[in-house]
Every structure is written in structure tokens, then in C-alpha cells.
């Protein structure tokens, strides 16, 4: 009689190691979890899992963040075609790396990052993987919360008239405390990542809204700007030559664009938790989730970067919304976009927190008789 494997792993049948060609064909449709017995209502209920759409939203929420604001600047420093090629390469590498991750999970019958480290390098590998995830995700959460602390007071002040400086609702520390206690903390307590699908879909809506506004505002800001415009002081384009898009552009500033693009599709710490809760989980189904999420993210990235660049050209700010705030300081649409982006950042924090709070993505040992 076959002995059950350790927690976080799936028992394999004898003859698991087949020829490479046979194994590859079986892996595409291999379910992550074994079918539950007909009489086990608990497992049958749990097998419903998270829908394909919510899984895509969760993955996109893990992918997209405040980095979208810097992609127009990256395009200005690499050119439209150069940017497109680099972004496509990064997206393809991200998709392929997820493919390799899923292949390892199927071949090793392991469904958590820590157990993958244990399988590869023993106990030291498990510890290193856990520490790495904690450091990376805590760093990401800290940076997002710092953005909220520094930017939310200004976003709120844009809707107010008069001098309200010193008010508690313009204090970044107070606003950070309120958002953390009222939004981040309750969402971080949710036991399953699937519950975050609703907030992730809201975050996706904010990103789509941002991209649409960037497209529309392309025709609200003239180029070249008139010399008697107040923006002249900011030295934004004032000649026709400044309004020509560059297809390729490489300089020493291009090196600063590469890190922004390299982290544009970073979502790997959330892949396995999403995988384990996916409805009818299999390698091919999760790969479809990944490709869909990366594809939609690529589309939003490219559209917002392109039209942001075509609005300001070489004078685009490293943080895109700053240019709109300077030229259209009281535009209600721009102000709502800024608030929406901040809420999208806030809603990303619980998703990033999930792999840290649950290092065991799924205890498959409890689901195997």
C-alpha cells in the first residue's frame, strides 16, 4: 500500500517517471488535485474553486501596480519600436517562467514554493525560499504603502478649495493608518486568495480607466505648446521638432528604463496560490490564466505608455500623472484617475501579503485518502 506523501505534495502513482514525450502530453491536462470521492461532499464543494475570470483578475492585480506610471518615460528613452520589443521579450519570459514553474509542480507533485526548495536543495533550500518570499513581498508592500502615504494627501487636496493644510485628512500618516486598518488589514485576513477576486477586478477597472484617460487626454494637451502658456516655465515642448515620435532611441538614459520594464510582469509569488484554488486546476488551464493575464496587462501597458509618450514626447515625466497635474492642475478627470490609481495600489497589498501569510499554498496531503 502506497504511503501518503508529506504535506504540500501530491502522491504519485508507480511509473510516474515516463518517457519525456509521454510525460509532456499527460502534463498538459494533468489535474493539480486528484478527484474527490463521490461521497465526500466537503471535497466536492472545495473542488469548485475560483473561476477562470477571477483567477485572471488576481494574477493581473499581482502583475500591475504603480510601475505603469513609468512606462511612458521608458518608451521615451527607448523609442516606440524599441520599447515594444523589450516589453514583448519581458512578457514572453514571464509566461515561459510560469510554464517552467508549473512543470516543476507537476513533475515533483509539489504545490508550494517552500516544498520546491525542499525538493531541490533540502532543508536549506526551503528556508532560503521562505526568507526570499518574505523579503521580496514585504519590500513590495512597504513601497506601495509609502506611495499611499506620500501621494494620497495631495490627491485629496486637489478636490478641496481653500487652505486646509494641517487638517487630519491631509496628514499622510493618518491616511495610511486609516487605509491600512479599514482596507488592507481586513482583506489580508481572508483565508483564501480567491476571495480577493472581487477587489482585483476593481483594481483592473481602475487600470482600464487610467489607460482610457491617457488616450483621451492626448487630444487635450497641444503640441507644441504656445509660448505664452504658463507651462512654458516648466520647459515642456515648444517647438515642432519636439513633437516627433522616435521609433528607436538609445542613450545612457535607456539603462534606467530597463529595470522598470524588467519588473513589469513580476507575479510569480502569487502564481501557486492562484493555481491551487483554480477551478478544475490543471497545468494547461493555469497556463491559459497566465497567458490571458499577461496579454491583457501587456495591452494596458502598451496603450498607456504609447499615448502618454505621444502626449509629452521627450518631456514626459518619470511619473506620468505629474505631467497632467502640472498642465491640467484642476482637471477633475485627472484627479479621479490619481485617486483610482492609489486605490489600485492599496488593493494590491493584500494580494502580495497572501503568500507571506500562508507559506503553504495548499496542504494536498489532507485531500488525499
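Start at 1 and count along the chain as shown; that gives each residue its number.
Glycine residues also receive a Cβ, built from the backbone N, Cα and C atoms like all the rest.
Summarising the annotation, TrEMBL assigns domain 'Amino acid transporter transmembrane' to 51-356.
Proximity of distant same-chain residues to the transmembrane segment (52-74), defined by a Cβ-Cβ separation under 8 Å and at least 6 residues beyond the stretch ends, is recorded for 83, 87, 140, 144, 147, 193-194, 196-201, 203-204, 207, 210, 257, 260-261, 263-267, 269-271, 274, 277-279, 285-286, 288-290, 292-294, 296-297, 300-301, 304-306, 308-309, 312, 316-321, 341, 344-345, 347-348, 351-352. According to TrEMBL, the feature transmembrane segment maps to 52-74 (among others).
Taken from TrEMBL, the feature transmembrane segment applies to 80-106 (among others).
Among the features that TrEMBL reports, transmembrane segment is placed at 127-147 (among others). Tertiary proximity for the transmembrane segment (127-147) is limited to same-chain residues at least six positions away from its ends with a CB under 8 Å from its CB atoms, namely 65-66, 113-114, 116-117, 121, 176, 180, 184, 269, 342, 345-346, 348-349, 352-353, 355-356, 359.
Within its own chain, the transmembrane segment (167-188) has Cβ neighbours under 8 Å at 145, 148-150, 152-153, 156-157, 196, 199, 346-347, 349-350, 353-354, 357, counting only residues six or more beyond its boundaries. Annotated transmembrane segment per TrEMBL: 167-188 (among others), in sequence order.
Under the heading transmembrane segment, TrEMBL lists 195-216 (among others). With a cut-off of 8 Å between Cβ atoms, the residues of this chain six or more beyond the transmembrane segment (195-216) that come close are 50-51, 53-55, 57-58, 60-61, 64, 68, 187, 300, 303-304, 307-308, 311, 320, 333-334, 337, 340-341, 343-344, 347-348, 350-351, 354.
Residues or ranges marked as transmembrane segment in TrEMBL: 256-276 (among others).
Annotation source TrEMBL lists transmembrane segment at 288-312 (among others).
The feature transmembrane segment is assigned by TrEMBL to 332-352 (among others). Tertiary proximity for the transmembrane segment (332-352) is limited to same-chain residues at least six positions away from its ends with a CB under 8 Å from its CB atoms, namely 58, 61-62, 64-66, 69, 137, 140-141, 144-145, 147-148, 151-152, 155-156, 158-159, 179, 183-184, 187-188, 190, 193, 196, 199-200, 202-203, 206-207, 209-210, 213, 216-217, 269-270, 321, 324-325.
For the transmembrane segment (256-276), the residues of the chain that approach it from at least six positions outside its boundaries are 32, 50, 55, 58-59, 62-63, 67, 70-71, 73-75, 77-78, 83, 86-87, 90-91, 94, 97-98, 101-102, 105, 111-113, 133, 136-137, 193, 286, 289-290, 293-294, 297, 301, 351-352, 354-355, 358, 361-362, judged by C-beta separation under 8 angstroms. Residues 52, 55-56, 59-60, 63-64, 68, 71-72, 74-76, 80, 83-84, 87-88, 91, 94-95, 98-99, 207-208, 210-211, 214-215, 217-218, 221, 223, 236-237, 245, 264-265, 267, 271, 274, 278, 320, 323 of the same chain, all 6+ positions outside the transmembrane segment (288-312), place their C-beta atoms under 8 angstroms from a C-beta of that stretch.
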